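*Asks:* Pasting a structure here, questions to come.
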Amino acid sequence: MLVPLSLLQKFFSSPLSIEEILQACDRIGIEAECSNVFPDSLNTVVTGKILSASPHPDAERLTVAIVFDGKGERQIICGAPNCRAGIIVPIALPGAKLRNASGEITTIKKAKVRGLESQGMCCGADELGFPHLQKAERGIFEFPADTPLGESACMLLAGAPLECSLTPNLGHCASLLGLAREISFLSPVSLNIPEEFSFASLPQETSICDMHDAGACPIFYSVKISGLSCRRSPEYLQAALTALGQKPLNAIVDITNYVMLSLGQPLHAYDSQAVEQKSLHAATLQSAQPLTLLNQETYTLPAGSLVVADQHNILGLAGVMGSAASSCSENTTEIILEAAYFQPQAVRKYQRTIQLHTEAAYRFTRGVDPQGVLPVLHAAIHMIQSLFPDAQISPIQKIGDDSFSPLSLSVRPKTIKRLLDIEFSTAEIVAKLSSLGFQTAVEEQAVRVEVPSYRHDIQEETDLVEEICRTTPFVQKTQKILPTYTPIYSLKRELTAFLANGGLQQFFTYSLLDTEVSSLSLQESSLIPVQNSSWKLRDSLLPGMLKSAATNLHRQAPYVYAFEIGNVYSKEQNRYQEEERVAILLSRQVMDDSWQGKTPLSFYTIKGWVEKLLCQSGASIEDFSLQPSQHPNFHPYQQAALYQKKHLLGIFGTLHPQLCRKAQIKHDVVFAELSLNVLLSLKKKSGPHYVPYPIYPASSRDITITIDRDLPADLVRRELLSFESKWLESVHIVSVYQGRDSASQSKNVSLRMVFRDHERTLSGQEIEEEYERLTALLDKKLANIGQGNS
């Protein structure tokens, strides 16, 4: 964004230096750079006021002008037809170098013209390198009457080249007013609204339109203005627009562009001859329709697009660009000026679909000030009246509700302490947020904050903490050495090294999936495609990994052993979630050419990798339980879900044959996907450690118990391990038997209990007594679902 310093300074109560402005931009979070693009010789072209102008005694086409250049008076002989007393013009002092019409450079010197000395030159815009600002007739350039004297004329014409790069969250700074407001909060000056944007409120009429989409456009204003002409803008307005990076067109369009760039609210002027019944509203298209816009390109607007229309015709794509049919031409004498608040998500939805980027869309997609729509419209009307004193203004038509309920948030000192490691009292919090334009009120152990209407980037408590942070000098911030790695990063490094050393290749796949890749999943995603396109965020690492595996296998890779660590996305209860996961994919035979024959991959192959992954993560396998799973991407009888209490760690097993056929893979594929966050929460601080071999023998006893067929056998094993016993070392499942009778509702589970004391050898009687005690506890525990006996 181009920001002319000369225009920006108008919004301050007193001037700021370039250094002060750049420092404030740094604190706001804006990357700003200012460089002088003019040669040094043009720095001697300054603004001066013609005090008197009299005809040359020896040349009827020349004028003798007495000019004050801010330091003193000087005599200049001028041949421009518009040279007259009272105007402020560019003055080239002796030593300045100007390029003439033929391209030759001329050095300005003191000289005698027809016997009278000329101590400089009054310049036109074309002579300074701004030919587009020059009027059709030749003449010297005229500055506004309030232009300071002795200032660099080129800097005023082009506006010192301050270039600002705005991040997406700083949409409220995408105007001179927005940027000046933020700078004033962090500088010793106050905000000042220039007189050219002052206005008097005009009468309003509320209209009701059944076709208006109040959801996508809460408030819509329009006003009819007649008695106009699309002549060229005054030179000062052309200069200001050029400095802001816009090409001047005509007075009406230039005013709407200038007001938008200055105040941040896009406006649009329609030729009223193209508007039926002189009435506009915002409507949503029910079906796709073509529309030719101002750039003379025809676009197919998708269904759901928000448009500005009259009773029968589409006159513009709301928040993006008007139609060619309703544009202002040299014959336009009456316009309908529109100002509205379009919801950012509504504009963003179709603006990206048709790939049309405009200054208006840039602002609407980031959010404009809903309470600034009417004041900006009044300011534009005021500027039109100043250029066209005979213009007739009709009452403003309002559609929708202009009431506004500010977002209310609370910020707590303990949250600031946790995030910034700085302690602030409630009084300090109130002072800092109040200085940034927030309305505050002290509550118990918190500060209640009302967010201004223009701050769309403030949505939660952490955003307010960020505001407090940027008003806090670095010297107040705690200085401490950050940890080398975060725990999650360290875990990812460990797992990456472990899996790579185990012979697995690391995959890196895209988070955005197209239609082809996203089809490699039989699970329906809760995420919708991005902006009505075919791309959507992945909710699993499987589709991308399966596509990459298929590509490598089709290129005759002997096998694919791969893993990936990445983010997946989901939507639960209208909230979007992001989670990091680790996934393993194995495909084809393990030993294809071995003399032993083919050893196919199976459920137990991937189960072994999952167990090794848990051990490497520092988690105990005993902390987890396997439970039946019915995930559509896996074989219905070869999959399992891994739980830690009630927390799902992940799912693993053999992929569904239908999914393999979709990917055109002829061999079985086994896959596992685990949550890194759950793994991290279970990681033991001590990590793996050495355990010596026992020196005393163990004794085992078997038990067979009958339970309901739907209960997992591992449930019995875990129940036994849950009983307090100083000798029970481990419990293993020996077998699970279910009769051939399909009507049977029970199954037999055989388990082996291992007993050991690490300080002595247990006697047979001690083992039997402990065995009987544990089986009795188990029978009692499972009394409602089955009976067990040894």
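Our numbering is plain: 1 for the first residue shown, then up by one each step along the chain.
Just so you know, glycine gets a Cβ as well, placed from its N, Cα and C.
Okay, so Swiss-Prot annotates it like this:
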type	residues	note
DOMAIN	39-154	domain 'tRNA-binding'
DOMAIN	404-483	domain 'B5'
BINDING	Asp457, Asp463, Glu466, Glu467	Mg(2+) binding site
DOMAIN	694-790	domain 'FDX-ACB'
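I'd like to know what surrounds each of these features in this structure.
*Replies:* Secondary structure of the domain 'B5' (404-483) per DSSP, as helix, strand and coil residue counts: 31 helix, 14 strand, 35 coil.
Listed in sequence order, the residues of the same chain lying 6 or more apart from Glu467 (Mg(2+) binding site) and placing their CB within less than 8 Å of its CB are Lys432, Leu433, Leu436, Phe438, Ile458.
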*Asks:* Other than Asp457, Asp463, Glu466, Glu467 themselves, what residues in this chain have Cβ atoms within 8 Å of the centroid of the Mg(2+) site's Cβ atoms?
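*Replies:* My list of surrounding residues reads Asn169, Arg455, Ile458, Thr462, Leu464, Val465.
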*Asks:* How does the domain 'FDX-ACB' (694-790) divide up by DSSP, counting helix, then strand, then coil residues?
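*Replies:* Helix (H, G, I), strand (E, B), coil: 28 helix, 34 strand, 35 coil.
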*Asks:* Using a 10 Å cut-off, grab the number of neighbouring Cβ atoms around the Cβ of Glu466 (Mg(2+) binding site), all chains included.
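*Replies:* I get 15 for this one.
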*Asks:* Cβ distance under 8 Å to Asp463 (Mg(2+) binding site), same chain, sequence separation 6 or more: which residues?
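*Replies:* Looking at Cβ-Cβ distances below 8 Å from Asp463 (Mg(2+) binding site), excluding near sequence neighbours, one finds Leu409, Asp457.
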*Asks:* Given the model, what does the mean pLDDT over the domain 'tRNA-binding' (39-154) come out as?
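*Replies:* 84, rounded to a whole number.
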